[in-house]
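Features of the protein shown, as given by TrEMBL:
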- 28-50: transmembrane segment (TRANSMEM)
- 28-442: domain 'Ammonium transporter AmtB-like' (DOMAIN)
- 57-79: transmembrane segment (TRANSMEM)
- 120-139: transmembrane segment (TRANSMEM)
- 146-168: transmembrane segment (TRANSMEM)
- 183-203: transmembrane segment (TRANSMEM)
- 215-235: transmembrane segment (TRANSMEM)
- 247-266: transmembrane segment (TRANSMEM)
- 278-296: transmembrane segment (TRANSMEM)
- 302-323: transmembrane segment (TRANSMEM)
- 335-357: transmembrane segment (TRANSMEM)
- 363-381: transmembrane segment (TRANSMEM)
- 393-420: transmembrane segment (TRANSMEM)
- 455-466: compositional bias 'Basic and acidic residues' (COMPBIAS)
- 455-477: region 'Disordered' (REGION)
Amino acid sequence: MTRTLFSLPANLAPDEASPEWMNKGDNAWQLTAATLVGLQSIPGLLILYGGSVKKKWAVNSAFMVLYAFACVLVCWVLWGYRLSFGDKMIPFLGKPNGALDGEYLIQPAFLGSFPNATMVFFQGVFAAITLVLIAGALLGRMNFYAWMLFVPLWLTFSYTISAFSIWYPDGFLAKMGLIDYSGGYVIHLSSGVAGFTAAYWVGPRLTQDRERFPPNNILLMLAGAGLLWMGWTGFNGGDPYVVSTDASLAVLNTHVCTATSLLTWLALDLVFFKKPSVIGAVQGMITGLVCITPAAGVVQGWAAILMGLCSGSIPWFTMMVVHKRSELLQKVDDTMAVLHTHAIAGSLGGILSGLLAVPKLSALFYGAPLHYIGLFYGLAYGRAGAGLRQIGVQLLGILFVVALNIVSTSIICLLVQLIVPLRMSEEDMEIGDEAAHGEEAYAIWGDEEEKVDTKYRGSASKDKLPASRAAGQVEMT
């Protein structure tokens, strides 16, 4: 008697290019999620920054984003990925190695049912957006050459340590059970503290720029903000590394928390300033996205709303009240307020994760229900000790990331300063994009001629002018 074996359709059957260990659906979603995260930077934050700053800084601000994204991806495949997610060398760092060998890239990733190539790309866009967020604190005065050096150094000596310690299974904080679903610590707390620290060393913008720094294009800023918000579907939805119910929960919680945070910030602006601010609404949107990130798939829907209320009010208070009363905070020129929108909101999300994490949902993500439990559930289930331990681990993680980034960022800035100035000259800051790059964001016909006239007005040497312009002046005289 012959037995008929069940056979899969040709499009689902494993072959050399689609081995049995790889899940085609998971791989497809992971690449999609990575692309969504990439779009948050290029063009999302590129046009958000470009529209948020003064006209004279639009090109420089956008270019800082573009350069950081490209530089990080190259450094990532050369050495960054294996330092962050490679075989353990020490408890907080992997062994240095490249991620370019074809044989390595088609092997299974350290987690998930997809190849290393997919994981390298996915984690690479996360690393890139972290540097892009740091740039937000430095807009309007950092020497671009210094930025070119800062990016690979910070990626190598700060980001890789946080990523390995918290996200890689052999990292010491990962083993302790730190809850950081998608980067509240690794990305947002790190970028907020590093950006603020770097802003201290770089120095402030010109006085007139600090006092008046109106957005040159609010609609463009909103377009970037929209890409940032919608891209967070991949940011939080991609971190389970599988197409799952937990990924769906993370996506829904992300958007619910963000909307709540935006409305809370808007309400506070209305109550205290009597006007609904578009810029304020974007700040509330960002703090909501950041706050839910460490908890996205391990909390319930009502907790996402509670977190949105907190993220729309506590960073609002630190920015609008505490900042204005603190001499230290006012001394440091944090252009896009990343300390409040990312460091404060990220820390808040980490603490709330330690309070609100549901053991069953944690099991869906981590696979270890007894190891991850919010304090409130620990009290409810008679496991107060476990809940208190979780809060302790969350606080320890905050202290570690803050200390790491203050020290590493300071050392990097001091080293870069030995090679090139961190800050542009006063004269170049008066001009902006034209001085830094020889380009302007909005080139209106006739502006160039007027600029040349202004630049060379009063010069005794007309041979410095283009021949046509010099001839024109001779005719006029």
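From the backbone N, Cα and C atoms, a Cβ is placed for every residue, glycine too.
Automated prediction, rather than curation, is the source of TrEMBL annotations.
Using the rule of three or more Cβ pairs under 8 Å, pairs at least 6 apart in sequence, the transmembrane segment (335-357) is not in contact with the transmembrane segment (247-266). As a quick check, the transmembrane segment (28-50) and the transmembrane segment (120-139) clear the bar of 3 or more Cβ pairs under 8 A, pairs 6 or more apart, so the two touch.
Most Cβ pairs under 8 A with the transmembrane segment (120-139) among the ranges 57-79, 146-168, 215-235, 247-266 are made by 57-79.
Within the same chain, the transmembrane segment (183-203) stays apart from the transmembrane segment (302-323): fewer than three Cβ pairs sit under 8 Å, each pair at least 6 residues apart.
Counting only same-chain residues 6+ beyond the ends of the transmembrane segment (302-323), those with a CB under 8 A from a CB of the stretch are 252-254, 256-265, 267-268, 272, 283-284, 287-288, 290-292, 295, 329-330, 337, 340-341, 344-345, 348-349, 352, 356. Annotation: stretch 393-420 has the most Cβ pairs under 8 Å to the transmembrane segment (146-168), among 57-79, 247-266, 278-296, 363-381, 393-420.
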